[in-house]
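Under the heading domain 'TRNA-binding', TrEMBL lists A:40-155. If you look up TrEMBL, you'll see A:408-483 marked as domain 'B5'. As annotated by TrEMBL, Mg(2+) binding site applies to A:D461, A:D467, A:E470, A:E471. The feature domain 'FDX-ACB' is assigned by TrEMBL to A:709-801.
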Amino acid sequence: MLVSLNWLKQYVDIHGFTAEELAEKITRSGIEVDAVIDRSQGMTNVVVGYVVSKEKHPDADKLNVCQVEVGEGDVRQIICGAPNVDAGQKVIVALPGARLPGGIKIKKAKMRGQESNGMICSLQELGVEGRVVPKAYADGIYVLPEDAVPGSDALELVGLRDTVLELGLTPNRSDALSMLGVAYEVAAILSREVKLPEVKYETTYEKAEDVLNLRVEAKENPLYAAKVVKNVKIAQSPLWLQHYLMAAGVRPHNNVIDITNYILMEYGQPLHAFDYDALKTKEIVVRLAHEGEKIVTLDDQERNLKAHNLVITNGIEPVAIAGVMGGANSEVTENTTTVVIESAYFEGLSVRRTSKEIGLRSDASARFEKGVDPNRVIPAAERAAQLLAELAGGEVLEGTVLVDELDKTPARVVVSPDFINARLGMKISLEDMLSILNRLQFDVEAANGLLIIDAPTRRQDIKIEEDIVEEIARLYGYDEIPMTLPEGNDQVGGLTPYQAKRRVARNFLEGAGLYQAVTYSLTSEELSQKYALKAEETTKLLMPMSEERSTLRQSLVPHLLESASYNVARNAESVALYEIGSVFLGKTAEDLPYEEEHVAVVVTGKWVDNAWLGEKVNADFFIVKGILEGLFEKLGLQNRISYAKSTVDGLHPGQTADIFLDGEKVGIIGGLHPVERKNLDLKDTFIAELNLKAILTATGEELVYTPVPRFPAMTRDIALELDRAVPAGEIIDIIRKAGTKLLKGVNVFDVYEGEKMAPGKKSVAFSLTYFDPERTLTDEEVVNAHEKVLKALVETGAEVR
Amino acid sequence: MEQQLKQLEQEALAKIEAASNLKELNDVRVAYLGKKGPITDLLKGMGKLSPEERPKMGALVNTVRENVTNQLEARITILEEQAIQEQLEKESIDVTLPGRKIRTGNRHPLTRVIEEIEDLFLSMGYEIAEGPEVEKDYYNFEALNLPKGHPARDMQDTFYITEETLLRTHTSPVQARTMEAKKGEPIRIICPGKVFRRDNDDATHSHQFMQIEGLVIGENIRMSDLKGTLDALAKRMFGEEREIRLRPSFFPFTEPSVEVDVSCHKCGGTGCNVCKQTGWIEILGAGMVHPNVLEMAGYDSKKLSGFAFGIGAERIAMLKYGVDDIRHFYTNDIRFLSQFHRTEE
Ligand SMILES: [Zn+2]
């Protein structure tokens with residue numbers, strides 16, 4: 001909403017405050033002022049000029065040499081290229097030294113050899129938006145009325161000595177979608193009076209109801225008022241009205257249209273003007289459209305109507321889509337003489353639905369959607385009649401053609417001052433509360449410790465006690481509210497075990513050298529299941545903005561790889577990232593996808609790079625595995641985790657494993673497949689993804705101290721020759737099983753595959769640790785235990801070297 | 001004999017002096033003091049001397065022995081010191097060369113902001129509530145006083161999955177779910193999480209972002225409690241000297257509703273580019289929980305009241321750290337992420 005202060009002054013006294021001060025007060029007490037716009041934009045030396053003569057420029061087809069009087073006896077030559085400039089016009093002249101919007105400075109100049117002492121201006125050159133400039137002047141200079149005085153301030157004359165407040169209205173404050181609504185608000189803030197326009201006009205003996213029949217056949221239209229005005233002379237509106245409209249962002253057309261727009265802005269009540277003769281039937285019938293019925297609207301578009309669209313008809317065919325747009329068949333034209341003015345209450349939901357379907361949102365439909373003031377519908381029609389008489393020479397027929405079943409009673413709210421103070425944590429006196437409510441022009445009565453309030457119908461946002469709390473607080477001043485903290489808390493608060501462990505996991509992963517990444521949950525359908533631990537039914541958006549963000553992901557890996565690739569493309573030598581986030585799987589009973597929190601890791605490039613020390617380690621499988629093992633150990637799960645070789649699309653078939661917790665699959669780890677690496681322009685790259693939810697909800701072993709061993713441990717080494725395909729993990733399992741309770745640790749300390757081995761063979765060396773916490777072991781005991789292990793190994797076919 | 005002894009002594013001392021390492025010294029020791037050395041030989045030859053001469057010679061031999069031994073030891077000490085000196089020199093390093101890097105990562109700046117806020121509220125006895133990112137229309141809108149067709153639904157464009165399910169547009173549905181689960185009991189929670197809006201990604205918009213909302217419900221929860229709580233939050237995030245101010249606003253789920261400004265941390269309130277010369281920066285929206293929201297979740301709005309607030313993690317991080325483009329939070333450029341390694345101040 002654009003509020004011209006010149007216009008606002010017609011209804012409320014704002015003297016004593018600068019525009020900025022007023023804006024600050026309005027913002028602090030309820031409605032945000034987004035901008036304070038000085039329409040003069042600091043322009044100077046812009047005056048009225050009289051074009052004494054116009055001649056063609058001798059050397060330029062499109063230029064005219066004008067002699068312009070810009071003050072008594074002060075005639076200057078000005079070159080003008082506008083097609084509509086002519087002798088005898090009063091025009092806007094920017095004199096040399098003038099500064100115009102956009103940093104333009106006017107200087108004396110020669111144009112094709114002819115001197116020019118200034119510029120004849122269009123409204124656009126004065127900073128008026130092209131879309132609101134009247135069509136007649138849209139492509140040329142603006143022509144002033146004949147009585148303009150040369151040399152006087154032109155900005156005053158075109159309404160640019162004005163300041164406009166741009167209001168950022170929240171949906172609840174539709175009352176401020178009108179100048180009167182803003183006036184009430186400002187009056188309440190400043191404790192001043194509101195001056196309503198005085199509506200008086202003469203009527204003819206002829207009665208409106210004798211020339212117009214009205215029927216309303218739809219409950220979506222509880223109030224319809226029509227005025228009939230005869231002998232209207234279609235012409236330009238007076239300048240003041242045009243300027244108010246332009247300040248409000250509306251383009252002037254002709255007096256009838258301008259009057260409806262003016263009242264739309266003044267009262268917040270949309271009006272529509274029909275050409276009475278074009279209606280043909282002397283009848284208006286409001287009804288729901290027939291399915292498939294058609295209407296050509298004012299913008300010359302043919303619209304297909306549905307059975308729930310509310311239409312105004314002439315009893316035969318639609319002449320307007322109610323509250324949205326008029327029809328071309330009943331449009332007011334230059335030849336119109338009799339006008340029907342419609343002022344109605346159309347239900348917001350109906351207008352909203354129709355305007356959305358048709359794709360037409362206008363100042364009018366926006367106001368209907370939010371709900372117009374029931375008590376301003378008929379006054380707006382009266383105001384229109386008055387202005388048509390005053391500004392278009394019309395003769396108003398007596399009476400209003402009316403169907404009125406609208407409830408116009410104000411909402412009653414009963415609230416106790418104690419409640420208000422309790423909600424606010426304040427001690428505002430009853431007197432202060434009453435004073436605020438009076439300033440707001442709320443009808444209030446204090447009785448039995450209660451405030452009985454009838455809120456005016458223009459304030460449709462006032463319905464409940466809390467609304468009154470807000471009104472009192474905002475006008476009393478939010479700065480006056482003290483600062484306290486909630487009392488009476490018996491909740492201890494704190495992180496849940498899951499949340500605490502998640503923080504532990506984050507700390508661990510960061511300590512292990514990984515940066516936390518955050519990527520998007522939405523991905524393409526193609527990537528949504530790639531690398532997924534378990535692919536299930538995907539969740540897709542109904543109307544995605546792009547295919548790239550159309551589906552919810554089932555793995556964190558694809559976007560992490562994209563991030564890795566992004567960094568490598570920018571010359572990062574080493575990228576190590578992790579992300580914690582949800583994946584979206586299948587459906588639950590609630591018809592929502594099952595959301596599972598996962599953690600994923602990606603490592604690429606150099607892991608260790610101490611160049612001057614000659615130490616370089618590239619990313620490999622065991623770096624990532626080591627990180628996971630560390631995490632499992634941190635969570636006390638190391639003895640319940642196992643790995644098994646596996647294949648996953650996109651991962652290297654020889655470098656991929658599934659990860660199990662107590663035998664349940666909870667993750668994958670692997671090297672990126674060479675083809676994928678090539679696609680993403682990555683070198684050796686390794687990833688892992690874990691079902692974090694499963695891992696953090698698995699209860700680890702209770703943390704109880706075990707005594708530090710007081711007796712020495714003994715170690716024995718075993719070297720085995722194995723088939724290359726035999727996993728070391730299997731051998732460790734065999735050793736663990738065969739070892740007696742004295743065996744406390746098994747460690748791989750050497751793996752060799754090379755020329756010294758037979759083809760297809762490898763050598764793996766294990767170090768076994770034996771000890772007894774209670775005593776020193778004898779050699780014999782260790783030998784016995786170790787023999788059992790060796791025997792078990794031999795039985796499986798391993799060759800002990 | 002005496003002369004012979006003196007000569008030996010001279011010879012030995014000269015060799016000791018000449019020895020340049022411990023091995024040579026050892027050779028000298030063996031040669032002169034050893035069991036097969038000349039001094040031992042001399043001692044053995046003492047039997048040929050007269051009894052009067054013997055003690056005199058004995059004393060002399062011992063003196064020589066002692067003298068040679070002392071010199072030998074002194075020389076050993078010197079050589080040992082030299083050897084250590086040499087070792088130290090050989091082992092000395094350029095201490096200005098860089099150390100072996102310890103690999104560390106760090107938290108994402110958004111997590112950093114969220115954890116900081118979480119920790120503040122945890123210390124005030126709050127719990128952290130979480131909920132699904134795909135939500136039912138009911139919890140995201142209807143339970144929050146936003147029935148179908150409500151004009152305020154236009155305020156946030158929504159990614160729908162079906163007519164009835166959607167990507168949550170705020171973390172408020174977690175509040176709605178918590179209220180439903182708590183069945184009328186008091187509540188003190190904050191709800192951090194990812195939220196989604198139909199926006200084209202650019203420097204200031206992101207279709208996915210992080211929100212942290214807070215909800216307190218109890219007996220006699222007042223607007224002054226909201227103001228005090230948000231003041232603590234502003235001071236924690238932007239510094240002890242910060243002040244807040246409330247401006248009236250509108251949210252369907254709160255009444256009264258406010259926008260909250262914090263005094264500019266860059267200029268202290270005198271006006272600068274960050275605060276667009278106003279001295280104030282809008283940081284969050286808040287209000288007293290709307291009675292419809294309480295009633296819908298089964299709370300008696302006459303007995304209990306509450307406040308709620310919602311804050312954007314990106315906005316806080318952008319203001320706090322001067323980040324100029326919201327997309328930085330989602331591209332995961334290491335050169336960006338690694339800047340959030342250090343402590344503040
Ligand atoms: Zn500032």
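Note that Cβ sites are derived from N, Cα and C of the backbone, with glycine treated the same way.
Annotated features, which come from TrEMBL, shown on the structure.
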residue: A:D461; record: Mg(2+) binding site; Cβ within 10 Å: 20
residue: A:D467; record: Mg(2+) binding site; Cβ within 10 Å: 20
residue: A:E470; record: Mg(2+) binding site; Cβ within 10 Å: 28
residue: A:E471; record: Mg(2+) binding site; Cβ within 10 Å: 28
The correct three-state DSSP answer for A:E470 (Mg(2+) binding site) is helix
Across the domain 'FDX-ACB' (A:709-801), DSSP labelling yields 28 helix, 34 strand, 31 coil
Over the domain 'B5' (A:408-483) the mean pLDDT stands at 95
DSSP assigns the residues of the domain 'B5' (A:408-483) as 33 helix, 16 strand, 27 coil
DSSP puts the residues of the domain 'TRNA-binding' (A:40-155) at 11 helix, 43 strand, 62 coil
